[in-house]
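K.L.:
Under the heading compositional bias 'Basic and acidic residues', TrEMBL lists 1-16. The annotation domain 'Anoctamin transmembrane' is assigned in TrEMBL to 215-643. For 1-22, the entry in TrEMBL reads region 'Disordered'. Annotation comment: TrEMBL describes 226-250, 256-273, 328-353, 373-391, 412-435, 447-469, 521-540, 568-589, 609-630 as transmembrane segment.
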Amino acid sequence: MFRRQKAQDEGEKDPLLDEGESESLSDFRPLVVLEFSSKTTAVTREWMKAKIEASKKQGGAELYAKTVVANDGEERVLLVSAPQERLLQGAEQMGLKKKYKDGSVRPFTFAERQNVEDYTESLEGMLTMSQSQYIIKVELDNIRALETENHIPGCSDRKARLYKGKSILSRMVSCHLLDKMYPVHNPDQLKRLQHDWYHLHSPKQLMGGQPIETIRGYFGESVAMYFAFLGHYTKALVVPTVIGVLYYLFNESGRNDFVIFAVFNMIWATVFLETWKRTSSAHAYNWGTLGRKAFEEPRAGFHGKLGVNPITGRSEPVYPSWKRLLRIYCVSFPIVILCMLVAVVVMMVYFWAENIAKAKHKEENTMLTKGLVLVPSIVYSVVIILMNQAYRTLAQYLTKNENHREQSAYENYLIVKLVLFDFVNCFLCLFYIAFVMQDMNYLRQSLAILLIVQQLVGQLQETLLPYLLMRKRIKKGEKSGLDHVSKPLHEIPRSKQAEVESLMDRYEGTFDDYLELFWQFGYVFLFSAVYPMAAFWALANNVMEIRTDAFKMCRIFQRPFMEPAANIGAWQMVFEVMGFIAVMTNTALIGMSPEIQPLLEGYTTVQKVLIFVAAEHLIIFIKVVLAFAIPDMPEWVETQMGRIEYQSTQALKKQPDCPLETEV
């Protein structure tokens with residue numbers, strides 16, 4: 001993909017030279033790579049390079065940029081960097097928080113840099129590499145067109161128009177002038193992370209233990225928060241797994257203990273989610289993201305007529321909210337409902353095929369027909385996965401069409417669409433079996449097949465697909481003459497690192513990972529009253545999931561940009577709602593159990609319903625009490641947050657009062 005950097009102006013240093021090959025690299029440390037498309041002209045590339053290096057007053061980013069020549073002889077790649085002082089100034093402007101020598105975590109200011117805990121005179125080490133790369137990304141995104149710039153130079157496309165205050169980088173992406181932008185890996189840090197992360201060294205690692213702080217330092221808060229949640233969830237599954245396995249082994253004849261197990265699971269789900277809030281708030285405080293509120297710039301895909309933002313005063317696209325609501329309720333909502341109806345039809349086809357298989361087995365009663373009975377469930381499990389994936393593409397298109405300004409709003413609306421469909425697609429057949437057919441044995445069998453098959457297919461995708469992608473990358477690299485592409489990054493010459501990373505696949509974020517945990521959580525807790533082994537299969541899957549996800553992050557994907565995160569966002573509410581639905585389903589299943597029915601002899605149907613509604617409300621009351629009894633923050637975090645607020649108030653009091661202006 002790349003050749004050695006062009007001998008820039010005769011005598012300029014190569015930013016990717018190996019140690020010992022030539023001059024020191026201390027004055028230029030490549031942090032971010034920009035790859036232009038093949039249709040981008042030299043005029044456009046030079047103009048973009050000049051914008052990156054220009055001052056803020058000239059609409060630039062005040063960063064360093066150096067050109068790398070591709071194999072086709074075109075200078076289509078820019079390596080972007082910045083001096084440490086510039087990065088620290090960017091950290092202050094963005095409101096990044098740092099830990100100070102007094103133990104507090106508060107917004108960083110360049111003037112107070114000497115009071116920061118990790119201060120050095122050289123300023124090195126005060127920011128992690130991922131933070132530095134994030135700052136550069138924000139600065140690049142904030143390169144905006146000046147009033148005199150109305151078109152991207154060197155581009156004849158009519159869509160390449162520029163508007164004052166509009167992000168130039170976003171426009172280049174939408175015009176297909178910029179193919180890739182990604183942060184570079186640090187081979188030495190990555191090698192240590194691989195050793196500590198997906199290589200097993202202790203039983204603690206097996207049960208979800210991970211180097212979360214190291215993950216956060218390398219990949220940022222968003223990725224670290226997901227893996228912290230996955231580890232916390234995996235540990236929380238240990239107790240219901242042990243109880244479920246003991247019940248399965250020693251209590252096959254009766255189901256009375258199983259009622260207790262189901263009630264325990266309902267309560268345990270609340271304990272797990274509430275303790276996670278405490279864990280996430282502790283992480284967020286240490287990482288400086290707790291309570292951090294940042295103004296969101298328009299996302300790259302947002303469009304509309306040019307207007308003025310009332311908060312920033314800058315020119316940016318403006319889109320009427322009534323148009324967005326019209327698209328949500330008149331386009332997206334009906335299509336989502338239609339897709340859910342399609343899922344219902346597919347479910348009925350599954351039951352039809354199942355009945356045919358059962359009738360065939362009843363008629364012939366052979367080993368072949370006995371195996372044939374399981375085929376519809378297995379095929380249906382795979383169909384559910386394929387439908388989820390197809391719908392995901394549709395949901396992304398619909399949400400993009402709604403034209404949300406903020407990335408957070410886009411993600412929240414996408415989550416709602418995906419959760420609604422996945423809930424119907426994954427769980428509706430189980431509700432039908434439980435409460436319409438009322439066949440508990442069939443429910444147990446279907447739940448087991450759906451959970452195991454979907455996790456098995458998921459693991460094949462998690463392990464086989466990454467391997468195939470890696471083999472594809474190696475073959476592609478070898479065809480280009482890159483014999484070293486099959487080696488780990490720390491074994492590759494630094495001059496070849498950008499070439500290898502360019503061939504890696506782009507990491508799409510944690511969205512799909514959370515969605516996978518959502519339906520797994522539903523299988524484990526929604527129907528605890530019929531299948532106690534569900535937690536065991538989920539635990540076994542998650543132990544593998546941590547290792548395979550870690551491998552993909554370190555070996556398969558390009559390094560993602562850091563994204564600040566104080567928690568798991570809307571997914572917290574999704575899991576909590578699922579916990580309340582689990583109370584209703586399990587209470588109803590307990591009420592239908594043969595062991596409970598004799599205890600209710602003499603009661604009318606209405607009285608039985610009232611009894612179980614009261615039981616359901618009692619369990620919900622216990623869950624709510626637990627939610628209030630377990631504080632969302634550890635006491636030490638609340639103390640530190642209170643101290644910071646007090647210090648801020650005192651600092652404001654010490655500031656001299658500004659004289660009020662009066663009109664004459």
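Just so it is clear, glycine is given a Cβ too, placed from its N, Cα and C backbone atoms.
TrEMBL annotations: computationally assigned, not manually curated.
So that I understand the layout, could you describe where these features sit and how close they are to other parts?
P.N.:
Sequence-distant contacts of the transmembrane segment (256-273) (same chain, six or more residues past either end, CB-CB distance under 8 Å): 232-233, 236, 239-240, 243-244, 247, 524-525, 528-529, 532, 535, 572, 575-576, 579, 582-583, 586, 589-590, 593, 595-596, 619, 622-623, 626-627, 630.
Residues 376-377, 379-380, 383, 387, 391, 394-395, 398-399, 401-402, 413, 417, 420-421, 424-425, 428-429, 432 of the same chain lie 6 or more positions beyond the ends of the transmembrane segment (328-353) yet place their CB under 8 Å from a CB of it.
Cβ atoms under 8 Å from those of the transmembrane segment (373-391) belong to residues 339, 342-343, 346-347, 350, 353-354, 357-358, 361, 418, 421-422, 425-426, 429, 445-446, 449-450, 453-454, 457-458, 515 of the same chain, restricted to positions at least 6 beyond its ends.
Proximity of distant same-chain residues to the transmembrane segment (447-469), defined by a Cβ-Cβ separation under 8 Å and at least 6 residues beyond the stretch ends, is recorded for 374, 377-378, 380-382, 384-385, 426, 429-430, 505, 516, 519-520, 523-524, 527, 530-531, 533-534, 537-538, 541, 544-545, 548-549, 551-552, 555-556.
For the transmembrane segment (568-589), the list of distant contacts is 225-226, 229, 262-263, 265-266, 269-270, 273, 276-277, 280, 408, 411-412, 415, 419, 431, 434-435, 440, 514, 518, 521-522, 525-530, 612, 615-616, 619-620, 623: same-chain residues at least six beyond its ends, Cβ to Cβ under 8 Å.
Remote same-chain partners of the transmembrane segment (609-630), defined as residues 6 or more beyond its termini with a Cβ less than 8 Å from a stretch Cβ, comprise 263, 266-267, 270-271, 274-275, 277-278, 579-580, 583-584, 587-588, 590-591, 600, 603.
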K.L.:
Take the transmembrane segment (412-435) and find every residue of the same chain, 6 or more past its ends, with a Cβ under 8 Å from one of its Cβ atoms.
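P.N.:
Beyond its ends, the transmembrane segment (412-435) has Cβ neighbours at 328, 332, 336, 339-340, 343-344, 347, 350-351, 380, 384, 387-388, 391-392, 395-396, 398-399, 402, 404, 442-443, 446-447, 450, 511, 515, 518-519, 522-523, 526-527, 530, 569-571, 574, 585, 588-589, 592.
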K.L.:
Report, as numbers and ranges, every residue of the chain located at least six residues beyond the transmembrane segment (521-540) whose Cβ falls under 8 Å of a Cβ in that stretch; write 'none' if there are none.
P.N.:
233-234, 237-238, 240-241, 243-245, 247-248, 258-259, 261-262, 265-266, 269, 423, 426-427, 430, 434, 440, 443-444, 447-448, 450-452, 455, 575, 578-579, 581-582, 585-586, 589-590, 593
